[in-house]
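This report concerns only the one structure given below.
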Amino acid sequence: MSDLLLLGLIGGLTLLLLLTLLAFAGYSGLLAGVEVSAGSPPIRNVTVAYKFHMGLYGETGRLFTESCSISPKLRSIAVYYDNPHMVPPDKCRCAVGSILSEGEESPSPELIDLYQKFGFKVFSFPAPSHVVTATFPYTTILSIWLATRRVHPALDTYIKERKLCAYPRLEIYQEDQIHFMCPLARQGDFYVPEMKETEWKWRGLVEAIDTQVDGTGADTMSDTSSVSLEVSPGSRETSAATLSPGASSRGWDDGDTRSEHSYSESGASGSSFEELDLEGEGPLGESRLDPGTEPLGTTKWLWEPTAPEKGKE
């Protein structure tokens, strides 16, 4: 009889534990719907304190922790420039930090000095008239993990179906929501100085390769040159990405369904703004945007998940 009671107690505790875990996952956003739309940005122009990172996105957790420890009440922000499935992990670039001010408000000199004391740099991002955006609950650390596996595939599908030129990918942690934002215009204004510097370096390498090829009088580039062009961040296929704060690891691990194309590439025929039904218009948005507002020198991109990546899920 005592054995039956013991087994019943163990079974009851196990069931209670499973129900608790399910409730925790549900509270973290497991069952939350993901709606992607195009419209006004979730934030206005902002001034941020950031640190530039080149390397594994999973190593950015310390940057979130550092920026939050300086001023815990400020919102965290991340701008991911490279697709980790296209660019070598040690070459992926991002900027992580805190939002110091928004709109017409200017950050206090004391706050700027405080962040600069810890090695952060200050930069301002504009408020683009239109963006591709999505939100996800931010209630627990698990919310971050769930968001990277649910929101990014939804963004990929939305952008791919409409052949949009939307990059880089930003994440803003605001109260109990994670806002994902992909600008449809003024993308170059979201490139911090370090990002622009690496872009010019890689672009110079590509131009040097072109010069060498032209010097040989060849009509077409060799296979080696073609590969170099395709994988060079800042040339045809390279630029932008995304992730989060908290103590857990950040970045896109090998298990998600990310495409092999970079953020700054949207295929040869990206759709214009006139072909896009913009939703969620607000005071920050405009009715239509001139498709010619894309920054000079950027290329469009299109997400195309590959079979090997799907097999890793």
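Including glycine, each Cβ sits where the backbone N, Cα and C put it.
Worth saying up front: this structure is predicted, and the values here are computed from it rather than measured.
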If you look at how Swiss-Prot annotates this chain, which of 25-28, 125-128, 153-156, 273-276 comes out as motif 'LIR motif'? 273-276
Annotation match for phosphoserine in Swiss-Prot, from S228, S239, S248, S272: S239
Name the residue among S71, S244 that Swiss-Prot annotates as phosphoserine. S244
